[in-house]
Amino acid sequence: MQISLFTVLILMVLTAVGFLVGRRRAYAVSSGHASRLHSLPSYYGYYIALWTGVPAFILLAIYGMFGNDAVNALAGAQMHRAGEPVHAQFEQALSDDEDIARLEAELATLENRRIYAREAIERDSELVPAAGEYPAQSPAERQQALSSEINRLAAEREARAEVLAGQVEAQTDDALARAGFVYSRLSDERRELMINDARAIAFGEGVASRETPEINALASAMRPFHEVLRSSMALAALALAIGGLAYARSRISSSFRARNRVEGAISVLLLLASVIAIATTIGIVLSLLFESVRFFSAINWRIDEFLLGTQWSPQIAIREGQVGQTGAFGAVPLFAGTALITVIAMLVAVPVGLFAAIYLSEYASTGVRGWAKPVLEILAGIPTVVYGFFALLTVGPLLRDALLLLGYENAVTQSALAAGLVMGVMIIPFVSSLADDVINAVPQSLRDGAYAMGATKSETVRQVIFPAALPGIVGAVLLAVSRAVGETMIVVMAAGQGANLTANPLESVTTITVQIVMLLTGDQEFDSPKTLSAFALGLVLFVLTLILNVIALRVVQRYREKYD
Amino acid sequence: MTDPQNTAAPAATVYHDQPSANPIKVETRSVSVRYGDTQALHDVSIRIPDRGVTAFIGPSGCGKSTFLRCINRMNDTIDSARVSGSVLIDGEEVNSRAVDPVVLRARVGMVFQKPNPFPKSIYDNVAYGPRIHGLATKREDLDAIVEASLRKAGLWAEVEGRLGMPGTALSGGQQQRLVIARAIAVNPEVILMDEPCSALDPIATARIEELIDELRENYCLIIVTHSMAQAARVSQMTAFFHLGHLVEYGPTEDMFTNPHDARTQDYITGRFG
């Protein structure tokens, strides 16, 4: 455990004590006339409790966040120091070794030649062959050849150094020094692994993947640092708590405005909550933006090709040295697929949702409305993955069989139509619930006016209520569109993956969201244009839904102003 | 002198002598209205003359608006409302199954407390009724109806040449006159007005009252009002409602100078309500 439960408990008790002390102190300074105090006595209690608890818990939080890293760094430094004598021996062995010297000389020569080749590439000139050393090569080929040779020699040097290190290790008797030497020669990833194993052994954090004398040495180096840091932090937190309590208590007088201070603390708390929400949003948008910039620089800033190209096959570009790497990132088929499915979904959701809303708000009796509205809203509570396999296992095959019966030979299970239909069903409650609110907001006086003119119910709905509610309904539909555009699970399961540029709803298409899923699932390298393109797609999606939402909210807002 | 109606009404309504020369347009017999479990109106019997203004006065919640809504069956639109008794217009039963409320409402127009022009142009607002009832087959006929209605409502001079403007863009008083024009456009026989001036300023109110005075030459007007002064100014007959009962009914002048019931006297002298 990082922070002992005991410390936390004591702090909580102290905070509670602070509250009681504050209240009693308030009674005391008012000499029994609580009405003479500026604030109610409990506010003085809260004030002291805040001063007792907050600084101490902040200290503990900081320790919780950075305590482990501090212990690791301290223990690591100690290991380095212990390994220094052995490391000196190793350096000596390296400089004495003939093989190493030879390899390093060769490496230096090759590195010079590679630099020369690179400069030639940059100047866009031919290489001048030196003394028949190599046949006529283009600078690029030359650079490549040199690079692989350099890699080979470097590996050889590394292997030789490894052998020497083994020899030095074997000569060392001191276990701690040997462990320190091993520790200091590790790569960052391996060091991370070793630290994790050592922590597992030292503090029982998880299970160690292996146990070697070196890891044990690191673990025992960690323990004292950990103990000291932990107990000193606990003491410091207690001291802060008691200090805060004493300080706050000393400030209490009958004119002290404890209520306003507590109010201030509450507003800080609320501010923090909203800052977290806003900062997270900004963070997500920025990460999208930066990764998109990386992607666009990887395709040489051919943003036009990304937005207007009709060829989408990101997997081609993963192979190195491929000519025309950028040609495969034309996202138009994805945009078209998204649009196709969205249109189908809207064709289902808007009429059905709207009519359901009109029925519920204008025709249904209170009793029917009482149970029908919640039932409709249950539809909205079904997880989209359930809709997904409903589309894949029921609607898709049904459509295919029906089409085959009708003689359409190319019918497939995964089609834009199946995904769009089911997505439309999913969005019905969304549309109906929003439209219902909007229709209910149409003033009753308009209905009365129409009925009093002798209009029938449907005339009233068509000629008076619908036009009055239209701006709100448009807003609702736009919100539904942005929902459809961003919907993922149904299309992943039911729309297929092929990036076909087609307007035929019976073919399988793919959408922006499906491709993002495809690009980021499984093992991926996070620096290839293939993976990075997911972020650019995400950015497009974000901008699209943002625009839709802004328009929708503005439309709805304008409508509200009119009738309130 | 006792009115023969008195025998038909179990509630002790006081009826003044009714010297009105005009024939009876609307007559009700023992009309009661229940909203669910609460009875809003008890056995109201009344005879309302044609070509005149009859005012319904009384404190809030006394049932006068509910009664007004019985005359064009607007209570049908409220699920929980149950109406009993009979309402006769020109001697014809309104509550019978044979009467289509849609047709009835073309004969009995209604104007509400808050101006409620439809979210359409001025022209379309006035043309709404004639269109749904098929009163005009040609565009010129419709134009003529719209103009005549707006003239009768005293709005023509103010909106002439901008009939395409949305009705909601007019001022409150203009909107109320637009709504009256809309009601007139279907050429009704009876016009019901539910506190038509309560949302208006004194100047717009005066304008509407003038209009009501002009309209009474051609229509049977029934107006619900909170303002005793307004009732005295515009009406020839006044009915006083209290707690769902029709307490007293008679010529306005007589009602205000010589109220028979103590409750009426208290109300019009401002002792309660």
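Note that Cβ sites are derived from N, Cα and C of the backbone, with glycine treated the same way.
Positions annotated as transmembrane segment by TrEMBL: A:44-66 (among others).
Counting residues 6+ beyond its ends, the coiled coil (A:93-120) has Cβ neighbours under 8 Å at 126-127, 139, 142-143, 146-147, 149-150, 153-154, 156-157, 160-161, 164, 167-168 in the same chain. The coiled coil annotation in TrEMBL covers A:93-120.
Residues 2-4, 7, 10-11, 14-15, 17-18, 21-22, 47-48, 50-57, 59-60, 63, 67, 70-71 of the same chain lie 6 or more positions beyond the ends of the transmembrane segment (A:228-248) yet place their CB under 8 Å from a CB of it. Sequence annotations record features per position, and here TrEMBL assigns transmembrane segment to A:228-248 (among others).
Residues or ranges marked as transmembrane segment in TrEMBL: A:268-290 (among others). Beyond the transmembrane segment (A:268-290), the same-chain residues lying 6 or more positions past its ends with a Cβ under 8 Å from any Cβ of the stretch are 535, 538-539, 542.
Summarising the annotation, TrEMBL assigns transmembrane segment to A:334-358 (among others). Long-range Cβ contacts of the transmembrane segment (A:334-358) within its own chain (Cβ-Cβ under 8 Å, at least 6 residues beyond either end) map to 312, 376, 416-417, 419-421, 423-433, 435-436, 439, 461, 465-466, 473, 477, 480-481, 484-485, 487, 491, 495, 499-503, 505, 509-515, 537, 540.
Taken from TrEMBL, the feature domain 'ABC transmembrane type-1' covers A:335-552.
Beyond its flanks by at least six residues, the transmembrane segment (A:378-399) meets 411, 413-415, 417-419, 421-423, 425-426, 428-430, 433, 487-490, 492-494, 506 of its own chain at Cβ-Cβ distances under 8 Å. The feature transmembrane segment is assigned by TrEMBL to A:378-399 (among others).
The feature transmembrane segment is assigned by TrEMBL to A:411-431 (among others). For the transmembrane segment (A:411-431), the list of distant contacts is 337, 340-350, 352-354, 356-357, 376-380, 382, 384, 387-388, 390-392, 395-397, 399-401, 403-404, 476-477, 479-480, 483-484, 487, 490-491, 493-496, 504-509: same-chain residues at least six beyond its ends, Cβ to Cβ under 8 Å.
The transmembrane segment annotation in TrEMBL covers A:464-486 (among others).
Per TrEMBL, the feature transmembrane segment maps to A:532-556 (among others).
Within the same chain, residues 338, 341-342, 345-346, 349-350, 353-354, 358, 362, 423, 427, 430-431, 434-435, 437-439, 441-442, 446-447, 449-450, 455, 512-513, 541, 544-545, 548-549, 551-553, 555-556, 558-560 sit at least 6 positions outside the transmembrane segment (A:464-486) and bring their C-beta atoms closer than 8 Å to a C-beta of that stretch. Confidence over the coiled coil (A:93-120), given as mean pLDDT on the 0 to 100 scale, stands at 85.
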